[in-house]
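Engineer: Take this structure first; my questions come after.
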């Protein structure tokens with residue numbers, strides 16, 4: 001009896017679903033950057049910063065979010081628990097030191113040093129992201145879309161989750177939120193870091209996996225609807241503290257719910273379906289044993305020599321024709337009739353290093369498509385307050401809360417629907433990216449026109465489209481460039497986000513807004529230094545003037561809509577280039 005129980009506990013600890021659930025919990029507190037807006041007023045007041053100084057801390061925070069080269073590199077050298085520990089220490093030291101300074105327990109440092117502390121603290125989340133994605137993509141090689149979508153979705157929700165916990169604890173001192181951001185995520189990560197690892201997930205495929213994903217999707221939808229309801233209620237009504245505690249307890253129960261999957265799989269008597277495992281992913285050692293270097297070279301030659309029409313044949317016929325061609329090439333090579341070219345690096349779908357991937361057009365198509373589309377989405381998220389105020393809305397918090405929920409649903413939905421495309425139709429995943437970019441282009445038009453209710457529709461479309469990118473792109477990158485160096489590849493692609501935001505928000509949106517505000521000021525004969533500012537209470541008095549009406553963001557939104565269409569065209573080019581790869585990867589599992 002004890003022996004059987006020990007075996008069950010061991011199965012539970014090594015269950016890939018436990019790793020996935022632990023990664024969800026880590027991601028639920030990993031989006032530290034999303035609560036910076038709540039931290040910044042405390043820092044500003046305590047250190048007597050003006051808005052320009054505070055905006056420099058914001059830039060440091062954005063860089064910390066996005067510069068993940070070190071996290072990607074360390075995840076290849078260290079075990080994943082080691083990378084997580086480094087991230088937890090960075091988070092603790094960076095934000096912990098900021099808390100000591102803000103509360104007067106440590107001497108005040110110059111602005112550049114504060115920027116470094118914010119960068120270090122926020123950079124910890126790149127380690128959490130990388131470790132969670134690397135381990136789960138390796139454990140679920142045939143369900144990359146849903147896994148990435150769900151994990152990135154929870155990272156997007158973490159701001160709302162941390163804020164709700166802070167509201168429940170009801171600290172008398174606002175600086176305590178900084179303490180919670182420093183200590184909370186670090187504690188969760190240290191508690192779970194030994195669970196986050198590859199556990200040979202491709203050998204744990206079961207018939208019930210579809211039901212398990214359905215259950216997690218149900219939890220995601222419930223959580224999104226619940227948080228939306230709680231946010232609106234707390235924003236519009238004066239809620240008692242007892243009710244806030246009840247809301248937070250229900251939130252914890254929803255977050256813990258997915259653990260029933262590994263518990264049920266490990267402690268029930270459901271037999272494993274080994275046949276499914278073998279069809280989906282042959283064991284690496286078996287693949288290597290039966291494959292000589294000559295075979296690899298011959299296969300490479302087949303890819304170059306096969307007629308174009310072979311790719312258009314049904315999967316079974318295509319494999320048959322390729323096998324015949326390979327047999328002929330093998331025979332000709334053995335007789336010396338042909339010289340087989342040596343391979344120059346990996347082909348699409350195999351394992352690339354970052355340097356090998358950087359010389360491939362496919363990677364740059366993904367990067368620039370992501371830069372144009374997600375950069376425009378991030379610009380809307382960053383400027384949502386000004387956009388809603390210029391259209392006459394006074395309560396901007398509702399739109400900020402809404403776009404975070406739509407962003408979450410976009411990430412979860414993007415993973416789900418892109419997986420249907422590749423799984424059921426063996427069609428390239430980037431087609432889902434092109435669709436989300438078209439949705440975003442329409443959303444920008446709604447913002448540009450400023451029709452009644454346009455803010456609600458624009459927020460919905462931009463949130464869904466922007467979120468979908470962060471489920472589709474990592475999954476597509478792992479399919480085209482392999483899993484071996486996935487951490488480095490993923491962290492390179494995330495650089496597209498701040499780069500796009502810098503162009504759209506820092507250059508285009510701000511300069512057009514200022515120009516329109518000056519025009520309105522001249523029309524009303526208001527001298528710049530005494531005019532009202534949309535940033536009043538946030539910015540110093542010499543900041544840009546207030547602009548009213550849809551004209552403020554009309555041109556910016558139309559430009560971003562046009563760039564989203566260009567991004568969609570780049571994604572369609574990628575679809576055309578990768579049809580064969582996806583037919584090979586997913587066509588085999590359908591035959």
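Along the chain as shown, the residues are counted starting at 1.
A Cβ is built for glycine as well, from the same backbone N, Cα and C atoms used for every other residue.
Straight out of TrEMBL:
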- 16-263: domain 'Nodulin-like' (DOMAIN)
- 20-43: transmembrane segment (TRANSMEM)
- 150-169: transmembrane segment (TRANSMEM)
- 175-199: transmembrane segment (TRANSMEM)
- 211-233: transmembrane segment (TRANSMEM)
- 239-261: transmembrane segment (TRANSMEM)
- 358-521: domain 'NFD4 C-terminal' (DOMAIN)
- 363-381: transmembrane segment (TRANSMEM)
- 393-410: transmembrane segment (TRANSMEM)
- 431-449: transmembrane segment (TRANSMEM)
- 455-477: transmembrane segment (TRANSMEM)
- 489-513: transmembrane segment (TRANSMEM)
- 553-576: transmembrane segment (TRANSMEM)
Engineer: Counting only residues 6 or more past its boundaries, what in the same chain has a CB within less than 8 Å of a CB in the transmembrane segment (553-576)?
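Structural biologist: The answer is 362, 365-366, 368-370, 372-373, 376, 379-380, 383, 386-387, 390, 427-428, 430-431, 433-434, 437-438, 440-442, 444-445, 447-450, 465, 504, 508-509, 512-513.
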Engineer: Can we call the transmembrane segment (363-381) and the transmembrane segment (489-513) in contact, meaning three or more C-beta pairs below 8 angstroms at a sequence separation of 6+?
Structural biologist: yes
Engineer: With Cβ-Cβ distances below 8 Å as the criterion, list the same-chain residues six or more beyond the ends of the transmembrane segment (393-410) that contact it, or say none.
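Structural biologist: Same-chain contacts beyond the ends: 34, 153-154, 156-157, 159-160, 220-221, 224, 227-228, 231-232, 235, 380-381, 384-385, 436, 455-456, 459-460, 462-468, 471.
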Engineer: Other than its close neighbours in sequence, what residues sit by the transmembrane segment (455-477), given a CB gap under 8 Å and a spacing of at least six beyond its ends?
Structural biologist: 133, 137, 144-145, 147-149, 152-153, 156, 363, 366, 370, 373-374, 377-378, 380-381, 384, 387-388, 391, 393, 399, 402-415, 418-419, 428-430, 432-433, 436-437, 439-440, 442-444, 446-447, 486, 489-490, 493, 564
Engineer: Compute the average pLDDT of the predicted model within the domain 'NFD4 C-terminal' (358-521).
Structural biologist: 88
